[in-house]
């Protein structure tokens, strides 16, 4: 069964552009120039029950706008949306009972009062029975380790503490579908790992469907089998994460850090027998070779290079997801 | 039933929030007392040796001022500013993912604020004022009952006007000027600063067609027994009319606002 069913969804915004200078500002008082911006451009998407889907894209690619349409906050300009079998905007009050949402950049807890008061209010808002609340929330509170934070006002919590409480607040009614918009933004590694482990657990236990947007691809790697890649409002990739890795690049990356200055021509000369691409690394005297072929080719290349040039450091990497995605954005096409 | 307990919880939370900032609470009592004191002496000076002005005696006038401010503690709320802020900061997004009616919740929060002030400002404040100034409290239970019905309508009408002002932020995006203007208009036209019967006839004629008199003038006149007999019931009728009538523009604006909602800041 499809939990999320999106067909040719589109959202347009009118945006005003101001004219320059004082004269322009006066003219803006009477007539304004505006242009129509298409934030989400005819996307179609199906998500099944129990899936964890990573929704990624650059800033302004339309991720948040899509989430806002899927949660019923914004009305689509065109297209169809069915989430949990309902039209999110039209049946808003009924619909939102079946979803949980976390906006990483916005708090949904009441700022001035203790966390447990917020929970108590949300419990009433979602009409959760004492019984359900006690069994379900006790677990959530334990796993997220927020017990000692419950009597503190939200404004006194650190970001990591607050985010764990936000997550718990989104789960008070144990929704079958969870939207997470940048839930790990600004968090340290430990908190991130805690949150990831927790999400995995509820996914396994309750078959909670999770749609996640993030800029931290490690989140996606840790959680999602499936990724949807968005660019300028269009879906440019929708499929398994490992396939993306497989199709985009085969082979490995070797990072060489040389002791002295090395010309690219000399490196190319050395490696002319291999199928290899060189590019300068991020640090001084660092070069990165992307080698196509088997492990044997990699080791032969390395010995060739190291024979000729003194190195201070060498690393072999799989091509990282981050790099793949960077390449996709830069080149705008999908291989394979 | 379940909804009722949710709204009860909202009111409780508002109490907690008001209590979270104690200084606000104490300074609130002080500000109200100073205001009443200042208006008391001002009216004393205006009356001078005259017995009555605009159909009210000095005693009625003082009572009018005291009760008008005390009623204000109940009906007054800042939900227009809160709505504006939530829109400007993009917090409406969170409100829209909650299974409740945003405006109903805002009204309940306003009611929580009002009840808090009524119990913790007005009642102790009124006691202090009663000790300090000669004020004529009616001992007719009937007057008190009618007064309470009347200030409930004051709350409704004032909150409705606040909701309209707040919702307009959806369209204007920056609304501080309008909110300030609304506040001055209400203070002036509602009869808080000056009973409406003191205005020139042509101004009174205009005000009869505006909802503001339902906010302060009517409950204060009922309490000071400036209205008697059938006058009281027709005044309550006016309040009821506005309370019902204002639902129309609110619903209208709300439907349009939801459609063209833009979330600020991503």
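Cβ from N, Cα, C; glycine included.
Residues 62, 65-66, 69-70, 73, 117, 120-121, 124-125, 128-129, 132-133, 193 of the same chain, all 6+ positions outside the transmembrane segment (B:21-42), place their C-beta atoms under 8 angstroms from a C-beta of that stretch. According to TrEMBL, the transmembrane segment annotation covers B:21-42 (among others).
Non-local neighbours of the transmembrane segment (B:54-75) in the same chain are 32, 35-36, 39-40, 43-44, 47, 114-115, 117-118, 121-122, 125-126, 129, 133-137, 147, 151, 154-155, 158-159, 191-192, 195, 197-198, 215-216, 219-221, 223-226; each lies 6+ residues outside the stretch with a CB under 8 Å from one of its CB atoms. The transmembrane segment feature in TrEMBL is assigned to B:54-75 (among others).
Under the heading transmembrane segment, TrEMBL lists B:115-133 (among others). For the transmembrane segment (B:115-133), same-chain residues at least 6 beyond its ends with a Cβ under 8 Å from one of its own Cβ atoms are 11, 14-15, 18, 25, 28-29, 32-33, 36-37, 40, 62, 66, 70-71, 73-74, 76.
Marked as transmembrane segment by TrEMBL: B:145-172 (among others). Tertiary proximity for the transmembrane segment (B:145-172) is limited to same-chain residues at least six positions away from its ends with a CB under 8 Å from its CB atoms, namely 67, 71, 74-84, 87-88, 103, 106-107, 110-111, 114, 178-179, 182, 186, 211, 214-216, 218-219, 222-223, 232, 235-236, 239-240, 242-243, 246-247, 249-250, 253-254, 257, 260-261.
Under the heading transmembrane segment, TrEMBL lists B:184-202 (among others).
The transmembrane segment annotation in TrEMBL covers B:236-257 (among others).
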